[in-house]
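Enquirer: Structure provided below as C-alpha cells; questions to follow.
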Amino acid sequence: MGKRMSTLLLYILAFFTPLISGYITVELFEFPKTHFVYLVGSLFSVCTVLAYRRWPAVWTKSLLSIGATLFVTSNVVSTILSRYPNTALWGYYSRFNGGLIATIVFFGIFLAFRLLLNITDKEVLQRRLLYMIAAGSVPIAVLAVLQHFGHGGSWAVDTTVRAFSTFGQPNWYAAYVSMIMPLLVYLAMETKVKTLKYVFFALAIVNFFGFWYAYSLSGLLGLAAATIGLLGLNTPLIRPNLKFLLPSTIICVAFAVLNPGIFGPKVVDFITELTIAPKSAVTTAPTNQPKEIKPGSQTYQVSDSGFIRKKIWQGTIAISTSSVKNLLVGTGPETFPYVFQNYRPKELNYSSEWNYILNKPHNYYLELLAQNGIIGLALYLILVLNTILVKHRVFTPSLIGLYVTNLFGWPTISTTLLFWLFLALLEVNTTNTQAPKTNPITTKVFVAVGIFIVILISTIGAKNFAADVYAKSSIKAFEAGDPAKALQLASAAITLNTREQYYYRLRAKALLVYAVQFDNLKLQELKKLVYADLVKAQELNAENPANTRGLIPLYYLLAITNLTIDTQAGTVDYNSDDYYKGLAQNYFRQVLNMYPNDVGVATELAKYQKLLGLQDDYGKSVEQIKTLRPDLLEWYLK
C-alpha cells in the first residue's frame, strides 16, 4: 500500500506541477506551483520512507549523491549567515523557488525517489514516469497555441505576441520545453512500437508549436544544445528513425519560417547592424524621446536585452567581490534584489528597464555566485559536470537544455523538479550501489525528524498560501469599491503571515480609502494605524526595493487631508496634513539617499514631492535625475 501511494504521489507531482496556475493568489504561477510541490513532495517523501523503513539507506556514496548533498549544505550555510533569513528560507516574494525550504523539499524528493527506485521495478517506474511527464506537456503546449491566437485567457500582457502557457513568462515556458523535447524525441526513437513512434513524434511537434510561440531566444539556444546532445548520444538510433525524424524536422522548420513573430524584426536588425552601423559603447543620453530608450546615443542596437544583461552581470559580480564573506558564501538564497541596488550600474538608467526593480541577474550561475558564494557555485558546477560526463542518452541532453537556458535566466519550480527527478534517475541508471544495513534506532530517529520537518513545512506553507489567498481577495474587494472588506481580508492575510511586507502595504492602502468616510477625529485615529503599517513594513526589511518604492505613494496619500479632492501640483497646501507631510518628506529624503544610482526612484520621488509642494526636495531629485539621465525631464516628467 505504501509503495503504491508513493508511486501515485510521484506521478501526480510530475504531471500536475507544470499545469498548476490560478487566479486565487497574488502571484498566479510560481506561488501555487511552489506550495503544490511543498505539499505533494513532502507527502511523497514521508510515504516512501514509511513504505521502506531504512531511510539512511537512501543516501549512497556516489558522486551525484555527494554532490547534491554538498550543494544543499552550501545553501544551509548561506542561509544561516544571511542578513535576510526570512527571504533566504522562503524565497523572495513573487520569486519563491530557490529559498532553502524549497531546496530541502526538492532534496527530499530526490532522496525519496532514489529510494523508491531501489525498492520497485525501476525500469517500469522510470518508463511510466517519463510517459506521465510527456502526457503532462500536451495541455501545456495546447494552451500556448491557444494563447497565441488570443484564446488562452485574459492576461495583463498580450499572449498573441509571446505565449507563456501555465508558466507566466515565455522564457520560463521555453526552458521547460527545452528539457521535455529531448525526452519526447528519445521515447519516439527508442520504442519499437510503430504506433508509439507516431504518438511521441506528434507530441514533439505539438510541443514545438507551443514552444515556438514563446519566441524565446534563450529557449532556442537551450533546445539547440539539447538536440545536439541527444543526437550525439543516440547516433545508432538516427538511421532507423530517419523516415520519422526528417518529416518531423521539416514540419517544425517550416512552421518556424512561416511564423517568424518577433524574431522577424530581430533578424532584420541583426543584418542592419552588421551592414550599416558599428557598435559603440554607451556614453551619452539619447537625443530623441521614444517610449523605450535604447542604450546608446544615435547607435543602432540589435537588442536592448543584451545591454541590460551585461550591466546586471557587472553589478552581480561586484556583489560577490565586495567582501570575503560574500565571495565565499554569498548573501543568502534569493536575496539578490536587496543587495543589487548598492551595485547597480548607472548605465542601466539608459535601458528600456530603467524604471524596473531588478530581482534576478538573468544568469543562474552568477546568481549562485552572488547568493551562495563561490563555494556554492563550484559545488553546483561540479554537479552539472557529473551529469554531463555520465552521458546518459536522454537525461543528459534534457539537463543540457536547462543548463544553457540558465545562462540567461533561472530555474522555475517545474524545471527544478525535473532537475532533481532526472538527477535521481541518472544516479540509479549509472551507479551500482547496495543499501547498507542500518540500525533500527537510527532509522526511527531519521523517520521522526523527517516527519517533523514535513509537518512543519506543510503547516507554515499552508498558512502562507492561505494568507496570499486572502491578499488576492483583498485586492479584488478594493477594486470592487469595498475598502471595508478589503481591510478585513488584508488583516486576515497579515494574521497568517506576519513577515510579508506587501500585506502591510495592502492593508494601509485599504485603510486610507476606508477612512475617507469618517470625521476628522476618527480619520486621525485611522491614520495612526496606517502609519504603523508603513513603519512595520519598512522594519521587516528596509533594503527591499519593492517595498521601499511601494511605500512612496502611500506616504503621499497619508499626507493628504481629503482624498476625495483632486489635488494638483502646487495647490496641495490647503489639502495636506503638516504632521504626515513632514513624515512623508523625511521618508522621501531617506529613499533618495538610499538609491543614488537609480533614476527610476528619483523620478517617482520627484512626482510626489511636486504634488506635495516640497519644492526644495523636488529640486534635489531633479538634480539627481539630471546627473543620471537628463532626457527624462523633457518627456517623462514634463
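Every residue gets a Cβ built from N, Cα and C, even glycine.
Reproduced below are the annotations present in TrEMBL:
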type	residues	note
TRANSMEM	32-52	transmembrane segment
TRANSMEM	64-84	transmembrane segment
TRANSMEM	96-117	transmembrane segment
TRANSMEM	129-150	transmembrane segment
TRANSMEM	170-189	transmembrane segment
TRANSMEM	196-214	transmembrane segment
DOMAIN	203-381	domain 'O-antigen ligase-related'
TRANSMEM	220-237	transmembrane segment
TRANSMEM	244-263	transmembrane segment
TRANSMEM	368-390	transmembrane segment
TRANSMEM	402-425	transmembrane segment
TRANSMEM	445-466	transmembrane segment
Enquirer: Any chance you could find the range in 96-117, 129-150, 220-237 with the most Cβ pairs under 8 Å to the transmembrane segment (64-84)?
Expert: 96-117
Enquirer: Would you mind listing the long-range same-chain contacts of the transmembrane segment (32-52), meaning Cβ under 8 Å and 6+ residues beyond its ends?
Expert: 2-3, 5-6, 9-10, 12-13, 16-18, 20-22, 24-25, 91, 96-97, 101-102, 105-106, 108-109, 111-113, 115-116, 119, 412-414, 417, 446-447, 450-451, 454, 457-458, 461-462, 464-465
Enquirer: Would you confirm whether the transmembrane segment (96-117) and the transmembrane segment (445-466) meet the contact rule of 3 or more C-beta pairs below 8 angstroms, pairs 6 or more apart in sequence?
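Expert: In contact, yes.
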Enquirer: Go through 129-150, 220-237, 402-425, 445-466 and flag the stretch with the largest number of C-beta pairs under 8 Å relative to the transmembrane segment (170-189).
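Expert: Top-ranked stretch among 129-150, 220-237, 402-425, 445-466: 402-425.
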Enquirer: Would you report the average pLDDT that the model assigns to the domain 'O-antigen ligase-related' (203-381)?
Expert: 86
Enquirer: Grab the same-chain neighbours of the transmembrane segment (402-425) for me: Cβ-Cβ under 8 Å, and only residues 6 or more beyond its ends, written as numbers and ranges.
Expert: 13-14, 17-18, 30, 33-34, 37, 64, 68, 96-98, 102, 106-107, 109-110, 113-114, 117, 126, 129, 133, 167, 171-172, 174-176, 178-179, 217-219, 221-222, 225-226, 309, 360, 362-365, 367, 383-384, 387-388, 395
